[in-house]
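K.L.:
Dumping what Swiss-Prot says about this protein:
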BINDING   29, 30, 31, 32, 72, 76, 179, 185, 188  ATP binding site
REGION    37-42  region 'Involved in allosteric activation by GTP'
BINDING   71, 91, 152, 153, 154, 155, 156, 157, 158, 159  UMP binding site
């Protein structure tokens, strides 16, 4: 192949004809696991620095960016619940873990002179602003990165669902789910070498086939509000900007997409 990387454009996504950005307001969902890199637990400062640089590139392109960050690199409520902990208590601990990640990312961004605000669904005024929808939108309009912490503030809801909820609330045009995989497959590619990777999917197909994109509540929220979802590998440098330009860097789920 001569080492040539061939990028194609996704047919069901609007592409800016002048090569500019296809979206102006984006909700980026970062999994907690993405922040720990190759570590088994916690936060890898080098990975966080790389993510911050990508976010800076997005901001410099004039795109408004809000972020929902998970907490699975520190604590997973579902696993703790399965081990016997009260589910609501476990979920609240997980929400606190997301705030730790949000503050870490905020620090990395501010060291690059990127104005950033952390808004949390659980009040902790000493370290973050409370989540108020109008305030979040105003921060975005002023060119600040907005990081949402503490999930939705309610147990039994995932941070994926929070991402869909916040995207609808702030009128984001798309949800980017940045993970450690390069898209959505019909089976686990780690165990099935013949697993098929999808380029585009419909919400209905994702729900009917129970594909592991986001949880069903998040998918339904995006479907009801016609918010497309892009799933891509955060580990590939430049993928966030490429996704905003409409390049096929992963799997796109949308109302007008075909299963391909």
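Yeah, the Cβs are placed from backbone N, Cα and C, and that goes for glycine too.
Structural setting of the listed features?
P.N.:
The Cβ of residue 179 (ATP binding site) lies under 8 Å from the Cβ of 31, 33, 34, 231, 232, 233, 234, each on the same chain and at least six residues away in sequence.
Sequence-distant neighbours of the region 'Involved in allosteric activation by GTP' (37-42) (same chain, 6+ residues past either end, Cβ-Cβ under 8 Å): 73-74.
Taking all protein chains in view, 12 other C-beta atoms sit within 10 angstroms of the C-beta of residue 156 (UMP binding site).
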K.L.:
Give me the Cα-Cα distance between residue 154 (UMP binding site) and residue 72 (ATP binding site), rounded to a whole Å.
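P.N.:
Answer for this pair: 17 Å between alpha carbons.
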K.L.:
Starting from the Cβ centroid of 71, 91, 152, 153, 154, 155, 156, 157, 158, 159, the recorded UMP site, name every other residue in that chain with its Cβ within 8 Å, sequence order please.
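P.N.:
Near the UMP site, the remaining chain residues are 77, 94, 95, 151, 161, 162.
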